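Chemist: Sharing the feature lines straight out of TrEMBL:
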type	residues	note
BINDING	A:Arg54, A:Thr55, A:Arg104, A:His132, A:Gln135, A:Leu267, A:Pro268	carbamoyl phosphate binding site
BINDING	A:Lys83, A:Arg165, A:Arg228	L-aspartate binding site
DOMAIN	A:5-144	domain 'Aspartate/ornithine carbamoyltransferase carbamoyl-P binding'
DOMAIN	A:152-301	domain 'Aspartate/ornithine carbamoyltransferase Asp/Orn-binding'
Amino acid sequence: MLKNRSLIDPMDFTTEELEDIFKLANLIIENPKEYKHICDGKILATLFYEPSTRTRLSFETAMMRLGGNVVGFSEPNSSSVSKGESLADTVRVVSNYADIIALRHPLEGAAKVASMYATVPVINAGDGGHQHPTQTLTDLLTIKCEKGSFNNLTIGLCGDLKFGRTVHSLIKAMSRYKNNKLVFISPKELKIPHYLIEDYLDKNNIEYRSEEDLENAIPDLDILYMTRIQKERFDDIDEYNRLKDVYVLNNEKLKNAKKDMVILHPLPRVNEIDPEVDSDNRAKYFKQAEYGMYVRMALMAKLLGVM
Amino acid sequence: MLKNRSLIDPMDFTTEELEDIFKLANLIIENPKEYKHICDGKILATLFYEPSTRTRLSFETAMMRLGGNVVGFSEPNSSSVSKGESLADTVRVVSNYADIIALRHPLEGAAKVASMYATVPVINAGDGGHQHPTQTLTDLLTIKCEKGSFNNLTIGLCGDLKFGRTVHSLIKAMSRYKNNKLVFISPKELKIPHYLIEDYLDKNNIEYRSEEDLENAIPDLDILYMTRIQKERFDDIDEYNRLKDVYVLNNEKLKNAKKDMVILHPLPRVNEIDPEVDSDNRAKYFKQAEYGMYVRMALMAKLLGVM
Amino acid sequence: MLKNRSLIDPMDFTTEELEDIFKLANLIIENPKEYKHICDGKILATLFYEPSTRTRLSFETAMMRLGGNVVGFSEPNSSSVSKGESLADTVRVVSNYADIIALRHPLEGAAKVASMYATVPVINAGDGGHQHPTQTLTDLLTIKCEKGSFNNLTIGLCGDLKFGRTVHSLIKAMSRYKNNKLVFISPKELKIPHYLIEDYLDKNNIEYRSEEDLENAIPDLDILYMTRIQKERFDDIDEYNRLKDVYVLNNEKLKNAKKDMVILHPLPRVNEIDPEVDSDNRAKYFKQAEYGMYVRMALMAKLLGVM
């Protein structure tokens, strides 16, 4: 049962529970009108202690498309934080006003604390560099809808694999499915942390390999998940200059990719995907944002217990 | 008739008019579904020239739970103030867009001015250190619901009684009811202003006494209303250090309190109530926030004339 | 057909298309209840990269009064801009969430770019000093409703005619109608740009004359459109001091005006109209703001194709 639960960590739900959410998301996608009143009278509070427009708008439109309403704030200035109130007290008060809370906070663990004091479900909409579980649900629903399955896939993860939290969460999530192969494409400065390999991949017998060159890696891939590489992550500026173009996806690099490969990106992108790729029908990163709204609709409907 | 009236000062309404509001609030609490469409098509504008998240969210969810919609701003930056427009012009324009206005403003008297120019009801949601009438309505509804009556109560008011506007408004409001006793618990720096005693208590034959020690005062009380004491209010830092713990409510100090005493606080609290008290069933300050939403629902329904 | 179109420039629509919008606006004004659910389930995104409270609230209440919902942001801080995302990407993502976008942006041409990438209609809610087409629609609907026609009018335009974008747009718009006379009332520093005379007035045989004195110009006018004059526009401070009171409209200056002259102003006003004029029944600038909401209702209904 997902009713009245909170979602703090991407691994909080079993694969069966996730399956329930994805099934509902699919039903909503197929027939949105059927679901446009299931949250009538419900209120979502979006408590964003740091700005994140895309995530906030996705949550808010998701609730509205189910018939519910939204209140909240989008920046810490307008919050009671400035008056010294604890997060625990804030969520207790807001629990009286709203039926569900989406919390974004710069501190790791803030969503966990909030869920301990709130009397309504709390969804972690990002806590520092820590967790962002609805991004992981978005990625999974996109894979499910675009590839039909969570199994037998070769998935390339490209860019900053050291610090990128969405990539870490996706690796953990995919480690629960079968017969997938992961290809880690990154400069050596930004390699995947060893604990992920040990605790998730080796433990579950997930095949993986590392590549430094995106073009070399592409031909095998069913999915290419791009992320941003930031200049400031490099110790050696020459190394950055040598590598910076290697990780920019463009039409040239896509020449040897499979015809049905799917290109994903959590957005916002800066320059790691050339805009010329946008018109390639393998580019699914804007569609991915749409799936993000649908998966949040399904998630909130489940946590509120209306479906 | 409350229809089309504004609420600027906590004493604007007669006790009979307040009774109408509290009666409706109670009906809404008992059967919220009956009232979820009474404001369909109505729009509340929350014009917050200074941030106050709790108050704003309370108003906004109140309107939404009646079926209405909300527009507005939560900070002066995003307002037209920066273009030099007068408050009078702003409320005249907003009167064309919205059906009712909740105004928060740093200047005393701003709400009064707004109500003179608006063509729709204006609710003062706080004007400087001056008035905050919906907090008083919240306090009164809480007392009504938790103690069953506005009469025959011994009410302790603890903390900063000199500058605390919510306490002053509550004293004025309670001076209109019968057989109550007030106990003022404060350091000598923060004593209740004499005009309140003269103009409200003596004039209405309200019994009162002063205490410097919270623990001494507690055993008699039916209601304990806590407020924040700020260090910067003290002339003498030694005095502050001597007193600071005296006014922190904890389980120890509650030992000799009545079993059905009610603990209130306008929130946000900083450290004047130890979190250990939160689980005591006499702690009603979070419930009080919930009553605040219900009383705003009843108030807006009355001012809009839909009930 | 206006369905799925964007509105970027005030001249984007033919006079016939505008007529359709004004006709619908009039129907809504006459019978708002008939239209209160025509946008049920629709979502407007107000993307305001610079604050403009009045315009934003007008759009938002317009959508709500049609039954729709609103998401968005009111300042750049809370947007993804800070993460370096391009406007093109932002509107592509938001197109997945919302059904129509109102965009306010400090850069000229931003709305045009947005409309090229969005997959839903984009309404330019102001792009720098460039265009603000819904203000022009507001002005036109006000003229239509208050004077009954777009023809045979003598229209005085007063104030900063050099930089005032609303005045420029109104001149272009009126140049498409018949038998109007324009009177330009401004100091020589702030004269109407020559290209407007050449390309719009002379080309369409529109009669016009210039005046430096407001009081001299007033007796002929059917409409007086006031705008703000800013001190910083003057090269010569003595010139400013000589002229500053000449352009402040007050009851004295209105003595020789026609009894049915209509006074307009795009608002906010600072001091160019004395508040004593507000109670004159020729003062229509607050009513104009109300027409602004109605014309936005009609516009959005047309672009969404629900009417």
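The backbone N, Cα and C atoms fix where each Cβ goes, glycine too.
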Chemist: For A:Arg104 (carbamoyl phosphate binding site) and A:Arg165 (L-aspartate binding site), determine the Cα separation and express it in whole Å.
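Modeler: Taking the Cα atoms only, A:Arg104 (carbamoyl phosphate binding site) lies 15 Å from A:Arg165 (L-aspartate binding site).
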Chemist: Mind giving me a neighbour count for A:Leu267 (carbamoyl phosphate binding site)? Other Cβ atoms within 10 Å of its Cβ, every protein chain shown.
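Modeler: So the Cβ neighbour count for A:Leu267 (carbamoyl phosphate binding site) comes to 22.
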Chemist: Across the record's carbamoyl phosphate-binding residues A:Arg54, A:Thr55, A:Arg104, A:His132, A:Gln135, A:Leu267, A:Pro268, the largest CA-CA distance in angstrom?
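Modeler: Across A:Arg54, A:Thr55, A:Arg104, A:His132, A:Gln135, A:Leu267, A:Pro268, the widest Cα separation comes out at 17 Å.
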Chemist: I'm trying to understand the geometry here, so how far is the Cα atom of A:His132 (carbamoyl phosphate binding site) from the Cα atom of A:Arg165 (L-aspartate binding site), in Å to the nearest whole number?
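Modeler: Each residue's Cα considered, A:His132 (carbamoyl phosphate binding site) and A:Arg165 (L-aspartate binding site) end up 8 Å apart.
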Chemist: C-alpha of A:Thr55 (carbamoyl phosphate binding site) to C-alpha of A:Arg165 (L-aspartate binding site): distance in Å?
Modeler: 15
Chemist: When you put A:Arg228 (L-aspartate binding site) at the centre and draw a 10 Å sphere around its Cα, which of the binding-site residues A:Arg54, A:Gln135, A:Pro268 have their Cα inside it?
Modeler: A:Pro268
Chemist: So what pLDDT does the domain 'Aspartate/ornithine carbamoyltransferase carbamoyl-P binding' (A:5-144) average out to?
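Modeler: Residues in the domain 'Aspartate/ornithine carbamoyltransferase carbamoyl-P binding' (A:5-144) carry a mean pLDDT of 93 in this prediction.
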Chemist: Reported in the order helix, strand, coil, what are the DSSP residue counts of the domain 'Aspartate/ornithine carbamoyltransferase carbamoyl-P binding' (A:5-144)?
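Modeler: Split by secondary structure, the domain 'Aspartate/ornithine carbamoyltransferase carbamoyl-P binding' (A:5-144) comes out as 71 helix, 25 strand, 44 coil.
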Chemist: Around the carbamoyl phosphate site formed by A:Arg54, A:Thr55, A:Arg104, A:His132, A:Gln135, A:Leu267, A:Pro268, list the extra residues of the same chain whose Cβ is within 8 Å of the site's Cβ centroid.
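Modeler: Leaving out the recorded residues gives A:Ser52, A:Ser58, A:Gly126, A:Pro266.
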Chemist: If we take A:Arg54, A:His132, A:Leu267 as the binding-site residues, which have a Cβ under 8 Å from chain C?
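Modeler: The answer, in sequence order, is A:Arg54, A:Leu267.
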Chemist: Work out how many Å separate A:Arg54 (carbamoyl phosphate binding site) and A:Arg165 (L-aspartate binding site) at their Cα atoms, rounded off.
Modeler: 17
Chemist: Take the C-alpha atoms of A:Pro268 (carbamoyl phosphate binding site) and A:Arg165 (L-aspartate binding site) and report the distance between them in angstrom, rounded.
Modeler: 14
Chemist: For the C-alpha pair, I'd like the distance in angstrom between A:Arg165 (L-aspartate binding site) and A:Gln135 (carbamoyl phosphate binding site), rounded off.
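Modeler: For A:Arg165 (L-aspartate binding site) versus A:Gln135 (carbamoyl phosphate binding site), the Cα atoms are 10 Å apart.
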Chemist: For the domain 'Aspartate/ornithine carbamoyltransferase Asp/Orn-binding' (A:152-301), what are the DSSP-based totals of helix, strand and coil residues?
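Modeler: Tallying H, G and I as helix, E and B as strand, the rest coil: 61 helix, 25 strand, 64 coil.
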